[in-house]
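Student: Just dropping this structure here.
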């Protein structure tokens, strides 16, 4: 049990110190992510490699995104990862030995929450690619450069969130595994051996209750502080996720406004072309009529010249 609590404390301290540490480069993080090599981690590694290939947005990726092949591949990789993860979690649950019911329930709840977040990240990624395919189909031969830029930004953010939640799940499974290992190693003899020192410690604490009354309060305060730090970290992560979602929504609104402005410019150009098509024939017809009228007047004047006698002459 002490080993389990030690792992819990180390995990919480690592989470509290994470804000002050410099962010690792993506390549380094990738190498650290799946180092234990559990089956579910291997499956997630395949999903991760496929995602990195999709993120290149090469010509082949663009071609396959036009169909449902990419989303189908991601669905298969997602199902493989979740299946292996559930099997690994069930294996750990079977290995859990004598443990306080409250501790067991809390650990199971934390692992389930981390597992759900990872599954939601994968689902969001698949839905975003499906949305991109639909948007490309509605462009009707127009340029999709802006769509690709938006997709690249979203994939980068989703990939970062997926990595963070996967690492969080790894940490919680490590705590869960520590409890299972301790339960598997614990037997009746070990329990009896531990009960003796615990009873003796209880007697000593009872005898020294007056002198050491402040120690339990200090332990409780430290435990409460650890829980508060964990809660603050969780709230901070949720706030960052919400901020990223709001930024994505603002980018989508800006893109839609620019798209509508482009459509209005195109419609104005079309209307201008139509007006030009309507008035140019009228102007040309008026010019022809005016030219014909001038020619007729000139011809009439040439055919009927003014006689000289009609011009008055000066007397000598």
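Keep in mind that glycine also has a Cβ here, set from the backbone N, Cα and C atoms.
Feature list, courtesy of Swiss-Prot:
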{"type": "SIGNAL", "residues": "1-18", "note": "signal peptide"}
{"type": "REPEAT", "residues": "76-97", "note": "repeat '1'"}
{"type": "REGION", "residues": "76-251", "note": "region '8 X 22 AA approximate tandem repeats'"}
{"type": "REPEAT", "residues": "98-119", "note": "repeat '2'"}
{"type": "REPEAT", "residues": "120-141", "note": "repeat '3'"}
{"type": "MOD_RES", "residues": "139", "note": "methionine sulfoxide"}
{"type": "REPEAT", "residues": "142-163", "note": "repeat '4'"}
{"type": "REPEAT", "residues": "164-185", "note": "repeat '5'"}
{"type": "REPEAT", "residues": "186-207", "note": "repeat '6'"}
{"type": "REGION", "residues": "206-286", "note": "region 'Lipid-binding and lipoprotein association'"}
{"type": "REPEAT", "residues": "208-229", "note": "repeat '7'"}
{"type": "REPEAT", "residues": "230-251", "note": "repeat '8'"}
{"type": "REGION", "residues": "262-316", "note": "region 'Homooligomerization'"}
{"type": "REGION", "residues": "274-286", "note": "region 'Specificity for association with VLDL'"}
Student: Going by DSSP assignments with H, G and I as helix and E and B as strand, what are the residue counts for the repeat '3' (120-141)?
Tutor: 19 helix, 0 strand, 3 coil
Student: Rank 120-141, 142-163, 230-251 by Cβ pairs under 8 Å to the repeat '1' (76-97) and hand me the top one.
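Tutor: Stretch with the highest Cβ contact count: 120-141.
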Student: When the pLDDT values for the repeat '5' (164-185) are averaged, what is the result?
Tutor: 78
Student: Counting only residues 6+ away from its ends, which parts of the chain sit with a Cβ under 8 Å from the repeat '4' (142-163)?
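Tutor: That would be 29-30, 33, 48, 51-52, 54-55, 57, 62, 118, 121-122, 124-125, 128-129, 132, 135-136, 241, 244, 248, 251-252, 255, 258-259.
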Student: Give me the count of other Cβ atoms within 10 A of the Cβ belonging to residue 139 (methionine sulfoxide).
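Tutor: So the number of other Cβ atoms within 10 Å of residue 139 (methionine sulfoxide) is 12.
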Student: Across the region 'Lipid-binding and lipoprotein association' (206-286), what are the DSSP residue counts per state (helix, strand, coil)?
Tutor: 75 helix, 0 strand, 6 coil
Student: May I have the DSSP-based helix, strand and coil counts for the residues of the repeat '2' (98-119)?
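Tutor: The breakdown for the repeat '2' (98-119) reads 19 helix, 0 strand, 3 coil.
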